[in-house]
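*Asks:* The structure follows.
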Amino acid sequence: IFINVKCSSPQQCLKPCKKAFGQHAGGKCINGKCKCYP
């Protein structure tokens, strides 16, 4: 699930993804945007 957070590395997506989807969510940075894996 893409969220509206810009990124340049996967680490930048972990906090926003966990905030949006809970502690077990993961995140990746794809084409400059965060993609979360709830």
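Placement of Cβ uses the backbone N, Cα and C atoms for every residue, glycine included.
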*Asks:* If you have Swiss-Prot open, could you say which of Cys13, Cys17 makes the disulfide with Cys36?
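*Replies:* In Swiss-Prot, Cys36 forms its disulfide bond with Cys17.
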*Asks:* Below 8 Å Cβ to Cβ and six or more residues apart, same chain only. Which residues does that give for Tyr37 (site 'Aromatic residue of the functional dyad')?
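*Replies:* Counting only residues 6 or more apart in sequence, the Cβ neighbours of Tyr37 (site 'Aromatic residue of the functional dyad') under 8 Å are Ile1, Cys17, Ala25, Gly26, Gly27, Lys28.
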*Asks:* Tell me the Cα distance separating Cys36 (disulfide bond) from Cys29 (disulfide bond), rounded to the nearest angstrom.
*Replies:* 9
